[in-house]
Amino acid sequence: MNADASSAPAAAPAPDASDDAPQRIVKVRRDYNSWVGSETLEDYALRFTPQRFRKWSEWRVANTAFGAASFLILEAVGATLLVQFGFANAFWAIVATGLIIFLAGLPISAYAARYGVDMDLLTRGAGFGYIGSTITSLIYASFTFIFFALEAAVMAYALELALGIPPAWGYLICALVVIPLVTHGVSAISRLQMWTQPIWLLMLVVPFAFVLARDPGAFAGITHYGGDRGGSAEFGLHGFGAALTVGIALITQMGEQADYLRFMPARSAANRGRWWAAVVTGGPGWVVLGVAKMLGGALLAYLAITHMVPTERAVDPNQMYLAAYEYVFPHYGWAVAATALFVVISQLKINVTNAYAGSLAWSNFFSRVTHSHPGRVVWVVFNALIAFMLMEMNVFEALG
């Protein structure tokens, strides 16, 4: 009897009542989860872009990426190089910058477009590892909000020039206006770039054409310009090297191009030619226009200086294009209005890209550090707020 009792199986433990207890989800957390679940809002911020979401044509994606070349800091860089190092050093540094960025950007663009990956996944695939990729995302995010602040500051000065809005309020307006344009991701951004591209290109070319038509010798003396310090106008290795270190910082822009190119449709035998042309145009091709804009900035800065504008103001894109648009419109008020419109369009086109790329970088960085992801939209607002604080600290003047 005792043997039978000892051989009987032990009774199964009673189930824990807590296993069947209902789980409570905080409402805010549920809202965040719904944001993350929306493909339009999230844009696959943390993983590769699947084929079913790469629904736009090759040229639609290329046009969206190419629209980022509108940023007027390019003109400011070209003008600054001219003023500090003279025309010869500035010219060759700008050309070298363009060549380096184009060659470095070609493989980045090709892999981003082929595999549908952003900069975070590209760095992981390149062997940076988990920690290295996390640090790279932080550095990249820093680039986006610094350039966001610089570009928005230029836009705020245009609002001050045309409407008399104080810079402090202009900074806030320029930071906030971008947020609703970026929350719906590349779907909304691609439409913005498509609608604004023709008028932006027209307003970019017209002032140069009028200056050359009405005053063919306006830029004749620029080749002999040695800078505001009265230095030699001849080429020098030290001046060239110093100018190149300034220009090469723009190479980080390739990351923003890659963030758009990941939406490129799959390459096939039928679209091979279009695919490569679109990848080159939307990828490293931006720097071709970028070189032209930097050289154009040098020309316009020289034009402003010859119109008795102080050198510290001549490097401001607003003053550059105002000097040029005065050749287009005889009435000063119309020249101011055209300049402000051009600057606002240019800066909106680039700052939607800065805000979008920053939201992707912050999403990847904080998802690694905190092991949570509230949604890309949260980081759009976060990036804009950091840029706003930098503008209030007068970052544009601090960087000269």
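Each residue, glycine too, has its Cβ placed from N, Cα and C.
As annotated by TrEMBL, transmembrane segment applies to 61-85, 91-113, 125-148, 168-187, 199-223, 235-254, 275-305, 325-345, 377-396.
If you count C-beta pairs under 8 angstroms between the transmembrane segment (199-223) and each of 61-85, 91-113, 125-148, 275-305, 377-396, the highest count goes to 275-305. Contact between the transmembrane segment (61-85) and the transmembrane segment (377-396) is not supported, since fewer than 3 Cβ pairs fall under 8 Å when only residues 6 or more apart in sequence are counted. Sequence-distant residue pairs (6 or more apart) of the transmembrane segment (275-305) and the transmembrane segment (168-187) include fewer than 3 whose Cβ atoms are under 8 Å, leaving the two stretches without contact. At the 8 Å Cβ cutoff, the transmembrane segment (168-187) and the transmembrane segment (325-345) share fewer than 3 close pairs (sequence separation 6 or more) and do not count as touching.
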